[in-house]
Amino acid sequence: MSINWFPGHMAKARRQIEESLKKVDVVIEILDARIPYASKNPMLDHVIGDKPRVVVLNKKDMANGKETDRWIARLKAEGVYPVALNGKEPNVLKKIENTVVEATREIFERMERKGINPRAIRAMIVGIPNVGKSTIINNIAKRKVAKTGNTPGVTKAQQWIKAGTKMELLDTPGVLWPKFEDASIGQKLSLTGAIKDNVVNLDDIAIYALKFMQTHHLEGLNKFYNINIDANTEIVEIFDAIGRSRGFKMSGNEIDYERVTERVIYDTRDAKIGKLTFDFAQEEE
Ligand code: G4P
């Protein structure tokens, strides 16, 4: 469900988003709460400029709650309007509406002072693939809007959806490319399902996930797989322990490392091992 991004796709996506931006008062940028840094499109800041921005930390049900709070504080300090959501829950519209009203208050107050008639706040949703853009639009629209899939940019036939009493939303999201800048970002994007597995080495993703949990979620890791590793256990021994505990063996009683790798990736991606946030709000980037 991901796109292979080529320079032509990126240029088109940028152009189309610039066009859509002219129609809206506020941009709603969707990030994955587990990776608020890695799931940011690298170009969006330039394109949005001074336009008010709401940043949704979506999939908060799968992220570490304390870390999400730190990200909210950091984003506020950066001058944007953050809100953490589970895009599938019924309160999404209210939460987004409240944040959008706050983000655009100054603009609308200025319009009112100039005697311009009040109108609905116009907004559009943007973000990289799989962060939950369609889920949120469908939730707000209370119906299934046309799935644009993961077409770069936005499709042409955009329509306004009435969203609550104060907001109108473009029914097609702006689809932007993910960061490609280094391997660890690729691993985080893959681990959360934002990019295709086959563009990143699966072993590297599983190793990254296990090392992260060995450092930040040791007890949860031990409990979930019913193993007993410590902070100094070598990575291959962690694979062995999981393989033994889960009975992932090949003929000759050898550990089936491929199965361990896949299991670890899916269990982490689905937040079964724990609610993990891989980007720290207070980390130097
Ligand atoms: P996109 O438009 O940005 O590409 O993303 P989309 O809405 O298609 O969402 C990608 C996946 O993330 C979907 O799962 C969706 O259900 C899931 N999702 C979206 N928001 C949330 C959230 O807040 N919490 C959780 N836990 N999941 C969320 P899928 O497996 O691709 O499809 P399905 O399981 O819904 O059929």
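Just so you know, glycine gets a Cβ as well, placed from its N, Cα and C.
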(request) Kindly point out which candidate in Gly8, Gly174, Gly186 is recorded by TrEMBL as part of the GTP site with Asn58, Lys59, Lys60, Asp61, Asn130, Val131, Gly132, Lys133, Ser134, Thr135. (result) Gly174
(request) Would you pick out, from the binding-site residues Asn58, Asn130, Ser134, the residue whose Cβ has the largest number of other Cβ atoms within 10 Å? (result) Asn58
(message) I'd like to know which of these binding-site residues, Gly132, Gly174, is least surrounded, judged by other CB atoms within 10 A.
(response) Gly132
(request) Going by DSSP, give the three-state secondary structure for Ser134 (GTP binding site). (result) helix
